[in-house]
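Marked as active site, tele-phosphohistidine intermediate by Swiss-Prot: His90. Residues or ranges marked as Zn(2+) binding site in Swiss-Prot (evidence: similarity to another entry): His75, His90. The domain 'PTS EIIA type-1' annotation in Swiss-Prot covers 38-142 and rests on sequence analysis. Per Swiss-Prot, phosphohistidine is recorded for His90, and the stated evidence type is similarity to another entry. Taken from Swiss-Prot, the feature site 'Important for phospho-donor activity' covers His75.
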Amino acid sequence: MKFFSNFFKNKNNLSSHNVINIFAPISGDIVEIESVPDEVFSNKIVGDGIAISPNSNILLAPINGTIGRIFETLHAFSIKSDDDIELFVHFGIDTVKLKGRGFKKISEENIAVKIGDPIIFIDLPFLKKLVKSTLTPVIISNIDKFKKITKNTGSVIAGKTVIFSVQK
């Protein structure tokens, strides 16, 4: 029954065979990173991962770890996991230009978080009217430290659905 055990893993980053799971930081639909309308993400300049077309209002911790930085404009944050993953979550494209409007910080930098802990509130209807795109890239910036990345597709629930996994 090893096949079915993969569907019922504990809610932590590390599963069997040194595979580390990354969970959805926001609910919505997975989009290929290459489809993000910003070359920094679509060309994988800052790392590899996926994007999510969001349909909810809170960005959650996608891994267990420590919040490294919450950007002053509240549109992005980074987390370093207990498994040495450096993860970057960036809400929308050109959201930095809003200077924090439409966002509210829930958590703080240098705080230990668990999968599903709230980090930033977003006013999705407000932001949809003002930004180029609400696609939310979720990127591993130190992807070169891992052997393999396996990306999932489909609809996701924040804090519950694995969006991709990496193998050490």
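Each residue, glycine too, has its Cβ placed from N, Cα and C.
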Mind tallying the domain 'PTS EIIA type-1' (38-142) by DSSP state, helix then strand then coil? 15 helix, 44 strand, 46 coil
Neighbour count (Cβ, 10 Å) for His90 (active site, tele-phosphohistidine intermediate): 24
So what's the average pLDDT for the domain 'PTS EIIA type-1' (38-142)? 97
